[in-house]
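Take a look at the structure below.
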Amino acid sequence: MPFRLLVPLGLLCSLLPLHQGAPGPDGTGPDPAYYRERVKAMFYHAYDSYLENAFPYDELRPLTCDGHDTWGSFSLTLIDALDTLLILGNVSEFQRVVEVLQDNVDFDIDVNASVFETNIRVVGGLLSAHLLSKKAGVEVEAGWPCSGPLLRMAEEAARKLLPAFQTPTGMPYGTVNLLHGVNPGETPVTCTAGIGTFIVEFATLSSLTGDPVFEDVARVALMRLWESRSDIGLVGNHIDVLTGKWVAQDAGIGAGVDSYFEYLVKGAILLQDKKLMAMFLEYNKAIRNYTRFDDWYLWVQMYKGTVSMPVFQSLEAYWPGLQSLIGDIDNAMRTFLNYYTVWKQFGGLPEFYNIPQGYTVEKREGYPLRPELIESAMYLYRATGDPTLLELGRDAVESIEKISKVECGFATIKDLRDHKLDNRMESFFLAETVKYLYLLFDPTNFIHNNGSTFDAVITPYGECILGAGGYIFNTEAHPIDPAALHCCRRLKEEQWEVEDLMREFYSLKRNRSRFQKTMSSGPWKPPGTFSSPENHDGAREKKPAKQRIPLLSCPSQPFTSKLALLGQVFLDSS
């Protein structure tokens, strides 16, 4: 029987009063300029509170106005907020923080760190900041973007994670000690997302440094998950990385699985990899067949497809944005509107929402200021221009400020029913939530560049184009410029140099041969000429010499199609 939702409309709260910038009686939408300034003020209230009360700890505790280390003692909020500073236009603070990070962050420490979180927050944040450094006015070193202090930091952090991938399956452990590697007795059970969320950062790192090891381990992990799917095409939630056996067999699109699907799509776009996209599309068929009910997505048993949990998790709210990236706009909007009704019911998204009951799940009533619904709104607004999406942005600003703003920043909402707060401000609030809100209300931000402007950069390997748009956000909302992956192709450059030398050699050979034919009965043959048939003049001349491929080939097509492997990525809102 199809699953039907009856939303308890009586529970919808009137949290958001009419105010300046809200839709008026004539139905006009929220004023983007007004809300941009509101979002910017939110950022600086949180950011300044972190600097004054919590730095150099990882995160701010806003209720006690102090800090604590959470994911490894990296001054994590500073790394996570760095590219947001540039998106908001603050180049001077970006430059200052780059110096602070170089002087203060050390990865050679005896700390047990999450492999997943360190990758998406630290490696991703440093890579993004490295690629944005020149735009932020940082004096970059010769060879940038193929070298630089932030790139070296990202590489050092990523190398600390590599021991986790040394398993019989190639799927990584979930935790690694940054000084000693994987601890003896470390649990081999890792969530699916913790295995399949590396290709964006690690492929970027391999492209910039020339070391293929990062992309290689990320691809192996992706493939092992793909090979472990069930006969009906689904993956579970947790797997034993030593044996490849599924430990938790609940299949869905939310917590523990989410960014695996996200990185198949974003990895496909970033790397122009049709195989990754084909893998996602196969998963998408199974997800629609077994987990979708009335544009909600439930949790099912991965082998049988029977419903195991009829809940919506707040982490699932990224899905409409991901659907927009493959051009599935209609389905994306219908699911988004379902999720938006939950937001309007509570003034935020509870971690778990019981769909048939239309209410929160016990002990999962909190909202830690997550970005996923706002992220989807940003993508869908770029695709459709639908003012409903701006209304979600308005509601998010008003809800967060009304419920969670305190003297020292913004606090996690422990319970959306009574608005009790928790003493934590996650670093993703500045990395993702505020960033996506700002980009939703800032249609002319450089992140939204449609390819009409760009920077030509000279590298040791030739000229490449940067800043033309098409940024790929990692799952922590750190934007990666896809063009940068074509700037530092050492192996390819060496291949071209050899090909150039060979072409010069054969060109000289042909010219000398023609000259000798006019002067004697036999062709001149230089000493050391290869005797294989394909190297004779006649055979060689049948094949036209290949034209040298430029270091970066920019197709003469608009941004709306440039990123798409399949379907529609973005539509201009104008």
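Cβ coordinates come from backbone N, Cα and C, glycine included.
Residues or ranges marked as signal peptide in TrEMBL: 1-21. The feature active site, proton donor is assigned by TrEMBL to Glu117, Glu351. Residues annotated as active site in TrEMBL: Asp258, Glu372. Here TrEMBL flags Thr475 as Ca(2+) binding site. Taken from TrEMBL, the feature region 'Disordered' covers 517-547. Under the heading compositional bias 'Basic and acidic residues', TrEMBL lists 534-544.
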Open item on the list: Let's check the environment of Glu117 (active site, proton donor): how many other CB atoms sit within 10 Å of its CB?
Closed with: 20
Open item on the list: List every residue in the same chain as Glu372 (active site), at least 6 positions away in sequence, whose Cβ is under 8 Å from its Cβ.
Closed with: Ser314, Leu315, Glu316, Ala317, Tyr318, Gly321, Leu349
Open item on the list: Just to verify: the residue among Asp258, Glu351 with the fewest other Cβ atoms within 10 Å, which of the active-site residues is it?
Closed with: Glu351
- [ ] Please list residues from the chain of Thr475 (Ca(2+) binding site) whose Cβ is under 8 angstroms from its Cβ, counting only those at least six apart in sequence.
- [x] Ile120, Gly124, Thr197, Val200, Asp258, Ser259, Glu262, Tyr263
- [ ] Report, in whole Å, the straight Cα-to-Cα distance of Glu351 (active site, proton donor) from Glu117 (active site, proton donor).
- [x] 19
